[in-house]
Every structure is written in C-alpha cells, then in structure tokens.
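> Sharing a structure with you now.
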C-alpha cells in the first residue's frame, strides 16, 4: 500500500480557501456538532436486555443509563442512583437521582427500575441473557418514587458492580414491546445522553442529542455510527474523511498513522488481560510428552517449580515490544492495574532463562519435556504471534514446544471441554474476585464457579478468600479479601499472566478521546479540540 | 417443456435437502454457539435455560428434524444474535447484494462485449493487443488488493467517491433500494467496478476468441461473398453465434457474483448478505448460515434454469426435452 501521510484531501483548493476565509465562522459550529464514528463490530439488536455482547452494550450506553456506572478507569460512580449502601448483608438501598426524565418527558421512578431489573429474565430466545447480573436479587421493592430496596439470598458484595450492566428502560414504553419495537425505535426511550434517530441493520445507527438528559451535555447534535467490521475499510473511511473516529485500529497500520499529521491516536490500557491456563488436574496431560512423544508418568504442570520455570522463561517485555508492537503491557495479575482487587505486591516475573532451567532440573526435568500449546488466531491482538513467541521462549529452556492456533469459534468449545494442556485466554472484568471465581475457583457448574477454569486449578484457600470477598458488602473489606485471594492464586501460579492489552482509537484532527478501560467508544466522551 | 420444468423442480428440492443436511451437520461440528455467547459467569441453570430455549440441548438429529419440520412450513428459524427470523434478516440485505451484483454484471457485459468484439476483429492492432493484455491484469490481480487501491486513489487521495457504505435508500415493494438516487450510484461505483473486474476480463476473452473463431466460419465467408455490409455481418451473424457461450458463463457467474461478493462487501463495508454470512459464521449464528446457503442454492438453480431457457431461444437446435436437457 502507498504511504498516505498528510495527503491533501478534497480538491479543488481555491473554493476551499475562499470558503475558509469567508465562511469559517459560520460553518465551523455546524460542522463541529456532528460526529461520525466507525465501529468495528455489528450491533445486532437495540434492545438493551436482549444479548450480552460488547457492541450492543456500547450502543445501549448512548440511549440508556444504569443505576451504577463505571468511569473510564473502571471505578464505580453514581449513575441513575445517586447513592447506595448495604442496609444489612442481604439488603441494599439505592437512592435515585431527583428530577430525571426519559426522552419522552415521563419522569423516572423506582417502578421503572424494578421493571428493568425484572425484564432480562423475561426475554425469550436470548443466546446471552443478562440474567447473571440479576439472578442474585431475590426481591425488589420500590419503597417510594426514588428509593429501591434489593434483597439477595445471601450476602453479596458485588451487587453494585452487577448493576452497571442492567440498563434502565421506561416501563411505559417497554412493557409490551417486542425486540422489533426496540429496533424501530418505538420502545427505545431512555434517560441517556442521546435519543434514537435511525437504525439500518448491519450498516449504520443514528442518534441525536437528548436535551432532557440529566448529566453532562454531549457536544454533538447528531452522532452516526457506521459498522465497518474489517480493519482496512475502517481505516480508509477515516483517511477519506467519511468518519471522524474509529475504534480498534488495525495493529499493522499504527506505525504509519503515528506520522500522519491529520490523525491523532488515543490509547488506553484495557481490562483485557491475557494469561496461560495450565492443565492441573490430569496426571497425564494430553499434550505433554517426553521428547520421544511418549506420555510422561506424571503431569509436570502440576508442579509449582515447573510453572515457575515457565513463567521465568517468558520474556514479557520482548513479547510486548516485538510480537505485540507495543500494544500491551507485561502483566503480573489477571486483572489490569487499577482494577478493584489488583494486587500490586505481585511483580511481573523477570526474564530468567537460567533460573528456569535450574527449576526444571530441580523438578526432575533437566532436559525439559515436549508440549503443544494452544491459542486463538482471530480473537486478541496478534494472538497467533504471541503463541509462537512464547513457544520460542519455552524452547530456549528445554521445553520443546509446538504451536496450534485456531479460530475462536472452534477453540473455546474445546478449551472449555478441558481438551488442552496449555492454552491462552484473555479476560476482561472490573473486579478481581469475579475473575478469580471464574478462572481459578474450583469448578462447580451449579454455582457458576470455575466456569472458565480450563486447567481445573483448585486451591481451598483461594476458594475461601474469594467466597469471603464476594460475601463482603463493605467495599474496603471486600477489596482486601480480593487482593489477598489474587496474591495467593498468583503466587501459586494458578495461571501464568502474560500481558494487558491496549486499545487504540484513531481520530481526525479536531477530535479528542481519552479512551476507556472497557474498550467502549462513547460519543458522549468524545470532545472537539482546536 | 413442462416435463423439463417439473424435472428441474424435483432436482432443486433434492439439492436443497442435501445441502441443508450438509450445512447443518457441518456447522454443528464447528462449535457450540453457547460457548461464544453465554456470559462466562453464568451458572449451569442459566446455561441450561438458554440451551433449552434455543433447542441446543437436543442431539443433532433432533435439532435437524425440528429444523426440517419448520423449514417445510417456511420457517428457517430465528437468528440467535439478532432475535429476528433468519430469512427476513437475509432478505432485508438481499437488495444491497443484488444491486451490487447487477451493477457489476452490467459493467462486465456492457464493457466486455464491445471490447472483446473489437479485440477479436482487430487481433493484431495495438488497441486489440492492449485490451487483451489488460484483461490478463483483470484475471490476475487479487480482488481485495484492487479494492483497497480503488479506495486509496478515488476516496483518500482524490476524494471523489465515498470510501464505502451504501448511501441513502428508498423503500419500494417493502425493500430498501439505494440505486434510485444519484448518491446511491456514487456509492456503488467503486465496489461494482471492483467486483466486475474479474468478470469483465472473462467476458472480453470469451467474446474475443468467439469472434475470431466465428470469422473463419463458412457462413461469414458466404455473407461476405454475398456482399453484406460488415456491420451486419458482425452485428447479426457473428454476435448471435458468440452469445451462447457468453450467456452460459455470464449466467453462472451472476450466481457467483451474488454468493461470493463477500470480499468486495467487506472491503467496501457494503451491507449485503456476504457480510452478514461472515459475521454469522464467526459467531456461530447457525440459523442464518443455513438459511443463507439454502437461499444461494435456490438462486443458483433458478439462474441455471433461466440460462437453459435462454439457450433454447437463441439456438433453435437446442430442445428442452425431458430426457436430454442441457
């Protein structure tokens, strides 16, 4: 592809100069009030309770609000609820903001909140329901117009965190609405910064500013989202001036974009942390053999010294700089820095191939062993290269490593069936106790523990601490327990942390965005700059 | 003729049935959509509820049986991700793909036949040689690369045409069409050209070789000897005879234009069915994939039927008999 650094766009020049000289004052405000965003994935439904996938949630946030919100760094901040507290370990009180009205003018009341919390369980045929965020609530009470009491079956600390995922819809508009009514905009009545204007499935969505919104007034009169799923067309739409902002900038084009004076980049560390899950339950793991290809009599991955050796063998800084083109930072935790429960006492394991060999010898593998590691090839930034690089690092300390990467559609199913010995996973969550429950908790499908614990790691101490954190309704106490649980699990190398991904947005000159830890692109947080 | 049509209909039903079985079992083997879509923190009860609601808790042959029973009533199931009927989802996007495919076909035929004819009549002239050399480029340049180049030149550098998308649409007969306005034509030009390039080269080469062959035939010599104007010889005698292979190929290629516009659609963010199929495969949205492939099979069989009928109209020697239909 040719270079496209600061090419003059839109001929002819003379009329443009004239326009610039004569009408700049008159034209600029009108131009500045519209925003066009290129999204990287399709929004499948506008019903905010239909399916729990990121593109749909990102769009819902423009139309609707939640009781509790998370800011750009992942901290919980008041949304429609001005304040909340636990009255008892099983009862929470949420005080609603006064004077909030929906875009159709009806005031928000506790009735709408209760209705919205009930609704996810009534949605039929959703492949990814929101019920995991409402299941804990056994009783909802509208005490008065602006007070809601929520009861849980047992003490449950993360309730406010769960509620950042449940959008509050207007009971009046949504009560008898079908999914189709949401897609036509009829039932799409919210309290958020924008209101619905048009939806062309798979193509574009348009919204206009909601003048009745209670919060900060967005700069844009009108925002249009275009679905530009492939990287190259998304980028060319930006360079051609057809959109002002794009998310998910293709990694390969970043270096060149940095030298383009018409484009600015915004980057943010995201919650998405990548780590390796190791088979820790089988005595003979399917992809671990001796160098001749025969099964070993015991599973080396169960030995802490082997896990430590593997962790020391990986040069995370080199991985991040080379294979990830700087689009990640080395990880020591399984949550990103700054996230609730992040344990900063745990440091990134230093690259130490000598130490790794020594540990392997101590564990009885002076010549290493053979291993096949698995990963995706279409899910995370440069994921295939990441898997290959780690295989090279392991080879250097004597673990002869083969690589097998697959599309995520086939990979997840096999990984969840515990078919692999050493497999890559990326996880995004806003609380360490949540992550640990799914990744390092002893698997128990009935309770939802260890649902993505592919290696079936099991440690009673971790389970106990995580359970304690989840039951703590006092945030400080909960964070202390979560941090301790993370410390225990990571010292034991329940998983081997690799890196935290960065997210990148590209904006045309004149636009600015700070980025978000949850990777979302919010029009109401994009600003114009001179 | 009636027997021919009946036989064809029966064949189509057969093909559809086999196709549905292959696709259903194939995509079932790829993976379980629940692994992709259910919230990772969900409990077993939650997952079971979802699986039951979508019928995914049943063994594959029960799922297929249910699908078949519904399909016979015209219901191809709901898209998992969109929550709307899969067929409706595809039909909503079909106009976009049809517009793109027809525009591409028009470019290929309206440019390809005259160019090929010219090159066939003057094979040794500089212009004829240039046309033939250019057609090699059309064959050999990969679609996605040409698409990106078109965008770089016409959208990014020159700023003449939009870089992608479809432009405003108007509703006619319950479907949304964009080519009813000038803006729509501006949007379709680059993707259609991109999609047409390969077919254009094909039509040029077919017409050129057909023309050269026809010029050597006896009927052309006789026509010349009879003193017919060159214009009439080319316009009537040559053209009519070379049209048979051209129509066959163009007809079949129209099917591939619809079915395999995926690359062009994704480069130009054209909201057609190809893009829908790609998204649905990545997220294992089974009903959409199955419905899409069935529809494509149907379109293919219809097109080849039309081609056969056109054959008979052009060449009186061809008969659409029951036994030895073409």
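Each residue, glycine too, has its Cβ placed from N, Cα and C.
Unlike curated entries, TrEMBL annotations are predicted automatically.
From a predicted model like this one, the values you see are computed outputs, not experimental measurements.
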> So which range, B:78-99, B:100-121, gets flagged transmembrane segment in TrEMBL?
B:100-121
> With the ranges B:12-31, B:32-51 to choose from, which does TrEMBL describe as transmembrane segment?
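In TrEMBL, residues B:12-31 carry the label transmembrane segment.
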> Could you check whether the transmembrane segment (B:290-314) and the transmembrane segment (B:100-121) come into contact, where contact means at least 3 Cβ pairs under 8 Å with the two residues of each pair 6 or more apart in sequence?
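Contact criterion not met.
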> Cβ under 8 Å, sequence separation of at least 6 from the ends of the transmembrane segment (B:100-121): give me the contacting residues as numbers and ranges.
127-129, 131-132, 179, 188, 191-193, 195-196, 199-212, 215, 234, 238-239, 246, 250, 253-254, 257-258, 261, 264-265, 270, 272
> Under 8 Å between C-beta atoms and at least six residues away from its ends: which parts of the chain pack against the transmembrane segment (B:12-31)?
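Distant contacts of the transmembrane segment (B:12-31): 60, 63-64, 67-68, 71, 281, 284, 286, 289-290, 293-294, 297-298, 301.
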